[in-house]
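Engineer: What TrEMBL shows for this protein is this:
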- 19-37: transmembrane segment (TRANSMEM)
- 27-517: domain 'Major facilitator superfamily (MFS) profile' (DOMAIN)
- 64-83: region 'Disordered' (REGION)
- 69-79: compositional bias 'Basic and acidic residues' (COMPBIAS)
- 98-116: transmembrane segment (TRANSMEM)
- 128-150: transmembrane segment (TRANSMEM)
- 156-184: transmembrane segment (TRANSMEM)
- 196-215: transmembrane segment (TRANSMEM)
- 221-242: transmembrane segment (TRANSMEM)
- 329-350: transmembrane segment (TRANSMEM)
- 370-387: transmembrane segment (TRANSMEM)
- 399-417: transmembrane segment (TRANSMEM)
- 423-448: transmembrane segment (TRANSMEM)
- 460-482: transmembrane segment (TRANSMEM)
- 494-513: transmembrane segment (TRANSMEM)
Amino acid sequence: MAPLPAGIRFIISFSRDQWYRAFIFVLTFLLYASFHLSRKPISIVKGELHRYCAALNEGDVEFSSQSRRASDTPRHQPPDNETDCSWAPFDQDNYQQLLGALDYSFLCAYAIGMYLSGIIGERLPIRYYLTSGMLASGAFTALFGLGYFYNIHSFGFYVVTQIINGLVQTTGWPSVVTCLGNWFGKGRRGLIMGVWNSHTSVGNILGSLIAGYWVSTCWGLSFIVPGAIVAAMGIVCFLFLIEHPKDIACSSSLVAHSRGHENGAHRFRLQKQVFTDDENKPLDPEIQCLLLSDGKHPVHQSHVVVLPADGGGSMAAISFTGALRIPGVIEFSLCLLFAKLVSYTFLFWLPLYITSVDHLDARQAGELSTLFDVGGIFGGILAGVISDRLEKRASTCGLMLLLAAPTLYMFSTISRMGLEATIAMLLLSGALVSGPYALITTAVSADLGTHKSLKGNSHALATVTAIIDGTGSVGAALGPLLAGLLSPSGWNNVFYMLMVADACALLFLIRLIHKELSCPGSAAGDQVLFKEH
């Protein structure tokens, strides 16, 4: 018999359950990356919606970021002036406030809708709920871009489009976190979700590149193409998303002792730890769950007790106030409010800041701003690894927030020294700003949503996730709005605002950090565990 090819040996070395988990990991990653891909174009197009040009030759116009400063003409030029390249109504003197209002419209609607989304989402099938949200989001993202082709200059049109888009995008986060929570257990959750949460940065990078490709020639396509991608991913979601392992008879993640697992009409509880054939030491609980069905590390019958189903799946969904009573939910929610304020200010205003400081055009600024998201990828993974190793989520967030404040001050000063300095500070700031934000919205939310006080209620995860991210989205709405109000008086004031927000985020974690550091023996016990649904 001929030996199997190396590729086939690789495929069969993993169990069926492992392949399904990897598939869900990648699929949910791509689904939410597409959401962020559609949010980025507005920040790239800002420089195109309001810009000034200088006439070089008769009939030829060239962008000049310095023309307004060098010229003695008023900032607002008449619409019939051929050197005015702005798009009405953003050709006014208060264009920064108008652009800030677009951000605020989207993010305020997103924050309000997020509180309702978790409650609605846990009562509806995730696949249908997420699919409908992605299709609607794609339609309204593209609708914003159609304003270019139909020559729409109504400020109200763009505001309403942003509001509705913000509402429908709230379907995304609770859905993907709940789905991922159904498939993955506690072991190395910080690392797994740190890697998974890089979808935020990947989506931002792709959104910047796609929007930047058309921004200077046809900015309408900067919205239509991302909208089409989101809608297409919605169809993929409908066709392929599997909400729970039990839907295809996959085993749930087995964890020692107190965790029951459903399989048809029974629950299975692991009574003893699984040992490898090679070493007489227990495997990590997550490794146990991944190896149970591959035939190499079977669980002996005496290790499993079959119990009657207790009807846990029929538990009532948790109430809003009940979710708030879970220890740590309020503190992490308020911390995320200020952490997300900082992150989303960079998301929506960084390209315009780079255009102002480094005198680049909209496309170049958009491409350069992706380095902030590259730093964010490493920051999210680093935060997950550290928190897993120390088993101290709050302390990990606190350390990165403490380092982020002086880094933001350095960014505001060093970035003016040249392009190389800007690149270095973008990477460093991205890591420190995005690290706590990524950890709280993923691993911490999943931890709290499966807290031991819930006694196995599988309906709580979407609500807790929505509360935490919804509160954070209030900060996400305030940050870009404040940046629009403060930037006319100087970018330094924007950075001072960001540093104050960073300090406030750290302040709300002080009690949890003190508890983790003063009771090291109980840290692992306080570390909330993942319950199977």
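For all residues, glycine too, the Cβ spot is worked out from N, Cα and C.
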Engineer: When you look at the transmembrane segment (423-448) alongside the transmembrane segment (156-184), do they share 3+ Cβ pairs under 8 Å, ignoring any pair fewer than 6 residues apart in sequence?
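Structural biologist: Taking Cβ pairs at least 6 residues apart, the transmembrane segment (423-448) and the transmembrane segment (156-184) are in contact, with 3 or more under 8 Å.
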Engineer: Would the transmembrane segment (329-350) count as touching the transmembrane segment (460-482), i.e. at least 3 C-beta pairs under 8 angstroms with sequence separation of 6+?
Structural biologist: yes
Engineer: Mind checking which residues reach the transmembrane segment (221-242)? Cβ under 8 Å, same chain, six or more beyond either end.
Structural biologist: 20, 23-24, 27-28, 30-31, 34-35, 37-38, 40-41, 44-45, 126-128, 130-135, 137-146, 179, 207, 210-215, 248
Engineer: Before we move on, state whether the transmembrane segment (423-448) and the transmembrane segment (370-387) share at least 3 Cβ pairs under 8 Å, counting only pairs 6 or more apart in sequence.
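Structural biologist: By the criterion, they touch.
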Engineer: Report the listed stretch (19-37, 128-150, 329-350, 399-417) having the maximum count of Cβ pairs within less than 8 Å of the transmembrane segment (494-513).
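Structural biologist: If we count Cβ pairs closer than 8 Å to the transmembrane segment (494-513), 329-350 scores highest.
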Engineer: Please figure out which one of 128-150, 329-350, 399-417 racks up the most CB pairs under 8 Å against the transmembrane segment (19-37).
Structural biologist: 128-150
